[in-house]
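Engineer: One structure, as structure tokens, below. Some questions next.
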Amino acid sequence: MNLIDFAVRRWQITLVLFALLSAIGISAFVGIPRSVDPHFTGPNVLVIATQPGADPSDMEQTVAKPIEDVLQGLDDIDRVQSFSSDSVSIIAAEFSWETDPELHYNDVVREVNALRGNLPASLQPLEFRRFRTTEAAVLQFALVSETASFRRLEKIAKDLRERLNQVDGVRGTRMWGVPTPELRVAIDPGRLAQLGLPVTTVTDALKNGGTDLPPGAVQSGNQRYNVEAGGAYRSVAEVAATPVRADGGRVIRVRDIATVDWGYEERPTLTRFNGERAIWVTLTQKAGLNVLDIQKDALATAETFRSTLPPDVKLEVGFDQSRDISIKLGHLTRDFAIALALVLLTLLPLGFRASLVVMVSVPLSLAIGCAVLSFAGFTLNQLAISGFIIALGLLVDDSIVVVENIARRLREGEDRETAAINGTRQIAVAVVGCTAVLLLAFLPLAFLPEGSGKFIRSLPVAVFGTVAGSLLVSLTIVPFLASRILPRTEKEHGNRALQIINGAIQRFYAPALHWSLTHPRRALLAATALCAASLGLIPLIGTSLFPPADTPYFLVQVNAPEGAALAQTDRAVRFVEAELKREPQIKTVMANVGRSNPQIFYNQQSNDQRTNIGGVLAVLDEWHPTEGPALVERLRKRFDASPDAQLVIKIFQNGPPVDAPIQIKLRGPDLKVLKTLAAQSEAITRGVAGTRDVSNPVAVDRSRIDLGVDADKAALLGVAPGVVRRSVRLALVGETAGRFRDVEGDSYNVVVRLPLADTQPVSALNQIYIPSTNGGAVPLRQIASPRLDSAPAQIARERQSRQVTLSSQVAPGFLTSQVNADVLAALKAVKLPEGYRYVVGGEADASARAFGGLGPVIAFAVFGILGVLVIEFGRFREVAVVAGVIPLGIVGGIVALFLTGNSISFTAVIGFVALIGIEIKNSILLVDFTTQLRAEGMALREAIEKAGEIRFLPVLLTSVTAVGGLLPLALSGSGLYGPLAWVIIGGLVSSTILSRVVTPVMYLLLIRGDVKPERAAAA
């Protein structure tokens, strides 16, 4: 007894299987985590090094380059980049995506920490970051107050964080916008000059007096005693009383030459919520958990906390990812319901009972797919739901074919049980082959390399699990239900809808097929010409990687000139705030000066703290596909009027992170030559149609003061060069000289420096004294001749070579691929000296990586499909006939993209791969049945025509149900899954029409001789 017999005759066990699958599916659906985007970890590690007061050249040579050299030697390293600016170096290590990201993160931390002793002593603790989609904040709260001090706001924020950290599923919280408190020792330079004291004397005295290092322990007999010798400072008065020097019997203390008081770190950031002063508290989730549950509990906790706040402090929710998730998942659920209704509508020609049997396969197959998705560790995100919607149009295919064949045998007079068993068995080989082909088309997509593959992986897994489940259901549950639910007898010509369709087949399709078989070469030539003509649309369509994410929020990046003070950047940010407030669609404006907004999108690349940058997050109620882009364009035109900074609107993109659509990387050893080449390339790029917001990071040098120390004078006066640097740094930047611990146990730095108000270039430098080897102090002005100078504002490196990256956005109405090609063509006019070259980055580089991984995937799919066909048919001629439908679907896919204004994006290519499997599946049904008829002794021409007419209905129904399932996705306006849906819809339309003629014609031309007898027996 085979599987089909067992399922029908041992129906009690089949019923148990039915219940089991339902329970598994419901359990998986309830328990699977929800999120907007997939959760995954990338093989990217950032090392952030901060050294206040260091210029980009120093950061490059003493920090970035040594770390690069170490990282370049690690296994599986793909590329190392570094970006050195004032006081900061960011070194980015990118490993192969096929390796373990956690392992490589640990490798980077280990190797860089081992190098720490060779890096500058004044370097602050290194920060390591990894790329994880769960690094993005799911909630961003604002504590708003115009009057509360920062220390008070910080205390409130700490209390809020403690409560939020107790919520299940919260990975961590972070506070933003609060300058770090420090106990500042502001030295009086005049008093120092009077006493002839170098500023380093004060620092050394405080270091000796306020250290947290434990002195150790002693042992007496069997007793061990810890030794206590002071430690960190406990009061401001204690710091002020620290002795500096004894002079003539008088002790000079810190309070005699400095003012000790609380202050904040230099270069703070400014944050505002809807124009009011605020600080942020962000919350991130643990991977693999339901973000909706986490945010519900976190918001409830925040609401409770709000009631405890003083009157002058407000708690606002600035960003809530659950709103975006609810909107997107709600839209996709709506699309799913519409698709389900359309699928049901297309089944009417089968009759009510037959349609009911087919529809039972929908929830069961989806239950299996959901269970597979959950067991594989994926979340229920927009890609996975898109996969289920795609599968919805495919999963009923097997059931339709089986039920239609059972109903046909009932019309021929068989009883229900016999018809269910024989009808399913007759079509089983073709159904298994069809499903195997479909699975082979989707399965390789689950193994795509690079970040693009990780991003879309849940989609093919959802389709694979659901379609595989539908095969099991169609060969077990469906024949069992058909043997119990279908009417005992069927009308000879079916119901009214079926009669209409069969009548149309006889009136229109049969004559067309007859003519094509009479003139096979003409029909084939016409189809070939149509396919060739469609290829001419490809240059007009263009290519792209991933589309915008359609999020109800966007970011305005503020880039003031390098070296700009915080006040100038703040003016530009306030201009942005004012323009955003003029738009009623924008409900919330969160402004950041001195850094960008905290990361709220999984691939957002947040820059670090610099006085010349800012970021303003604008939050809308909902993103509309037409009104949203129109709003952005209005704002862009108004932002061009900003006199203080370049303002760039950042629309968040799907897929792996890409800095800008157009990027040109100039590489070479000399910074001056690179700057010249960058200026020429920038001018050329700005002149290319379609470019916008062209950025050249080295266009303006950073002003600086060269001390011009006379080495001979300094040597004669006993001043070492290293001491000059330390003394100047201590006076202008400050130096941590000890630790202060308050009564609550919190620890703060004790920082020595000149008063901030006195740090104007000339006056500050004239007041600095340098210690000499003879015990005295030498005025800096005696050994230095300061002068204004300029230096690069930023030094970037990649693959151990200096680099300048020009970037550009693309104006609306232009194809990124075409603009990029035009820029590259125009840049040929730039004459590159020997040792210099340019490399294409941006979307072109990301596309090459993503599409490059598609080659092996497509090859695997094609050869896998061919292998299945060879196994099923046993001869290459039938395989050629079946595979001949592939170009016919591509025609429709290309035309559909052209008519809908979509480019050939990454998801569109996935649509083409999936389309191949669907087309071949439909072709198998026709070729297999034709071969069966010939094996039964029917003449070649007669078998072809009869198979074409009989198999037209199931092929038509399966195609129409697939189109019905995909139509809501296509009409949703989504740039992510819309192109995929349009490709499959267009391809199915063209393939269904053309292949019904081309496949019989190819069968006529290629198949010769009788079919082997074993084919008939197998059928």
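Placed from the backbone N, Cα and C atoms, the Cβ positions cover glycine too.
Unlike curated entries, TrEMBL annotations are predicted automatically.
For reference, TrEMBL lists these features for the protein:
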type: TRANSMEM; residues: 332-350; note: transmembrane segment
type: TRANSMEM; residues: 357-378; note: transmembrane segment
type: TRANSMEM; residues: 384-407; note: transmembrane segment
type: TRANSMEM; residues: 427-447; note: transmembrane segment
type: TRANSMEM; residues: 459-482; note: transmembrane segment
type: TRANSMEM; residues: 523-546; note: transmembrane segment
type: TRANSMEM; residues: 850-871; note: transmembrane segment
type: TRANSMEM; residues: 878-899; note: transmembrane segment
type: TRANSMEM; residues: 905-929; note: transmembrane segment
type: TRANSMEM; residues: 950-970; note: transmembrane segment
type: TRANSMEM; residues: 982-1006; note: transmembrane segment
Engineer: Which of 357-378, 384-407, 850-871, 878-899 has the most Cβ pairs closer than 8 Å to the transmembrane segment (427-447)?
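Structural biologist: Most contacts with the transmembrane segment (427-447): 850-871.
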Engineer: Verify whether three or more Cβ pairs under 8 angstroms connect the transmembrane segment (459-482) with the transmembrane segment (850-871), leaving out any pair fewer than 6 apart in sequence.
Structural biologist: no
Engineer: Assess whether the transmembrane segment (459-482) lies in contact with the transmembrane segment (357-378), where contact requires at least three Cβ pairs under 8 Å among residues 6 or more apart in sequence.
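Structural biologist: Yes, since the transmembrane segment (459-482) and the transmembrane segment (357-378) share at least 3 Cβ pairs closer than 8 Å, they count as touching.
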Engineer: For the transmembrane segment (523-546), which recorded stretch in the set 357-378, 384-407, 878-899, 905-929 gives the largest number of Cβ pairs separated by under 8 Å?
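Structural biologist: Between the stretches 357-378, 384-407, 878-899, 905-929, 878-899 has the largest tally.
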Engineer: Would you kindly list the residues that approach the transmembrane segment (878-899) from elsewhere in its chain, counting only those six or more residues past its ends and only Cβ-Cβ distances under 8 Å?
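Structural biologist: Those are 527, 530-531, 534-535, 537-538, 540-541, 865-866, 869-870, 908, 911-912, 915-916, 918-920, 922-924, 927, 931, 979, 982-991, 994-995, 998-999, 1002-1003, 1006-1007, in sequence order.
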Engineer: Counting only residues 6 or more past its boundaries, what in the same chain has a CB within less than 8 Å of a CB in the transmembrane segment (384-407)?
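Structural biologist: For the transmembrane segment (384-407), the far contacts come to 38, 329, 332-333, 335-336, 339-340, 343, 347, 350-351, 354, 357-359, 361-362, 365-366, 369-370, 373, 378, 419-420, 423-424, 426-427, 430-431, 434-435, 438, 458-463, 466-467, 469-471, 473-475, 478-479, 482, 486, 490, 494, 914, 918, 921, 925, 953-954, 957-958, 961-966, 968-969, 976-977, 980-981, 984.
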